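Chemist: According to TrEMBL, the coiled coil annotation covers 253-280. Marked as domain 'Major facilitator superfamily (MFS) profile' by TrEMBL: 64-497. Summarising the annotation, TrEMBL assigns transmembrane segment to 60-90, 102-119, 131-149, 155-176, 188-205, 217-240, 346-369, 375-398, 405-431, 469-490.
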Amino acid sequence: MGMADVQENGHGELGMSDFPLGSKNKYKRMVSELTDYDGDDDPSHHHHQMERRRKSTRKYVFGCAVFASLNNVLLGYDVGVMSGAILFIQEDLKITEVQQEVLVGVLSIISLLGSLAGGRTSDAIGRKWTMGLAAVIFQIGAAVMTVAPSFEILMVGRILAGVGIGFGVMIAPVYIAEISPTIARGSLTSFPEIFINLGILLGYVSNYAFSGLSAHISWRIMLAVGILPSVFIGVALFIIPESPRWLVLQNRVDEARSVLMKTNENESEVEERLAEIQQAAGSTNTDKYEEKPVWRELLTPSPALRRMLITGIGIQCFQQITGIDATVYYSPAIFKAAGIEDESKLLAATVAVGVSKTAFILIAIILIDKVGRKPLLYVSTIGMTTCLFSVGITLILLKQGSISIALAVLFVCGNVAFFSVGIGPVCWVLTSEIFPLRLRAQASGLGAVGNRMCSGLIAMSFLSVSRTITVGGTFLIFSVISALSVAFVYKYVPETKGKSLEQIEMLFQDEYVLQGGEVQLGDVEHLVQK
């Protein structure tokens, strides 16, 4: 296969070589160096320059992905800290069980409003400043919750925090996908999920650390600590660039070019990428599309767009209806059902859940651009189905005691570990890369709405349902839903590894592709090695 074919199919992805993705990339590195080197310079000097540029590019893109993901620490922290704080809020404010469910679940329901508005906001003011807006709204909400004298004021703060989180969770993956080089996009777009997990773990640790204080003070300090990450977000906004794809949509092509110069390792490739983005954005600026706004196109989609929406919204909903948020929010209740009674032991077991959830996402980051999205989804959904079923059986069949406690902790940790290996991060990666440029922000926002709505429904109904059919029975239902997610992945999710965002659009033009008969045209690693 000739060099021309590689460039035609690869869309200039050869220069994305040296992200930490294994030794296979040496082939691409050789090719990119051969194409760049014209024979006039001293080869060793040229190689040294290339290496230096590669390192600085990698650091720059990595830094952008980290800063963009900071909002997700807020979501994770809130989810994690509330599992312990709710015990003290109940004691201090004397709230009922229904009020507990509303307080826990309202965050997800309200955050879908933020996600709905986030798509349009980010198209209007840019991806970067939408992240800033998210942080400000969350900070105000967290401050109101910290000083709340009553349940009503606490709810006001919770609603504000929810709107901020809704903005944050939908925009981070979109931004990262748009600035990342193709060859590392999967790993980098997983960052928001890592930071959610990190936030959850910090929330659990905060519960454990402040649980010794009086009921009136402890939960307020737990919630106040959540304000800290948003301070770093304010600093980050002055460091990270705007998305080059958004800049092209605004006809700010020169600015887009300068961002691409910083995020691409290969200068010769910048113009090629820019032309590709302009071509994708071109239709946005034509008259025929000005008559049909984005929202109308999403409501009356073409067959290809319908397939994208089914994949994107479907995978987001399955991520939540398998009960992950309920497992995290109510892990103390689950362990209580298994027989743990001491409060500090409950919180310690919950920290073990947080550690499992955070540690295993690192496996996903390492593998997502090597083995691809779909294999990780299979491992994840099948593993979760097994663990959820096992939790249910343990709680129903075994009497409370040391064996049931050990098995419950093991299977709950197993469930969150399998979640983190696949559907947790891959879900956000997919929804940020499968939609066309002009629809990407608002369509990803719809996916995030599905995610938050399912999360809210599960979180708000878990206590009531588990009282009716027991905690074990609830987990058996989760295991059935999880089994359905395996079938969904098989039928609707294509492999997007190694393809440019513009190539991925083409996958959905043909229904055959979605059912597993996919030709890996854009897989640069495969082409170069051949």
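Backbone N, Cα and C atoms are what each Cβ position is placed from, and that goes for glycine too.
Not measured: the values here are computed from a predicted model.
Please go over these features one by one and say how buried each is and what sits next to it.
Modeler: When pLDDT values are averaged over the coiled coil (253-280), the model yields 78.
If you look at the transmembrane segment (131-149), the same-chain residues 6 or more away from its ends with a CB under 8 A from one of its CBs are 68, 70-71, 74, 114, 118, 121, 125, 156-168, 171-172, 175, 220, 223-224, 226-227, 230, 233-234, 236-237.
Here the transmembrane segment (346-369) has Cβ contacts under 8 Å with residues 19, 21, 80, 83-84, 183-187, 190-191, 193-194, 197-198, 200-201, 203-205, 207-208, 211, 327-328, 331-332, 335-336, 340, 376, 409, 412-414, 416-422, 424-426, 429, 497-498 of the same chain, all six or more residues outside its ends.
Listed as Cβ neighbours of the transmembrane segment (405-431) (distance under 8 Å, sequence separation of 6 or more from its ends, same chain) are residues 173, 177, 185-186, 189-190, 192-194, 196-197, 311-312, 315-316, 318-319, 322, 324, 327-328, 331, 334-335, 337-340, 349, 352-353, 356-361, 363-365, 368, 373, 376-381, 383-384, 386-388, 390-391, 394-395, 398, 443-444, 447-448, 451, 485, 493, 496.
Away from its own ends, the transmembrane segment (469-490) comes close to residues 314-315, 318, 321-323, 326, 333-334, 337, 374, 377-378, 381-382, 384-386, 388-389, 391-396, 423, 462, 516 of its chain (Cβ-Cβ under 8 Å, at least six residues beyond either end).
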Chemist: Report the listed stretch (60-90, 102-119, 155-176, 217-240, 375-398) having the maximum count of Cβ pairs within less than 8 Å of the transmembrane segment (188-205).
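Modeler: Answer, by Cβ pair count: 60-90.
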Chemist: For the transmembrane segment (102-119), which partner among 60-90, 155-176, 217-240, 375-398 gives the most CB pairs under 8 Å?
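Modeler: The listed stretch sharing the most Cβ pairs with the transmembrane segment (102-119) is 155-176.
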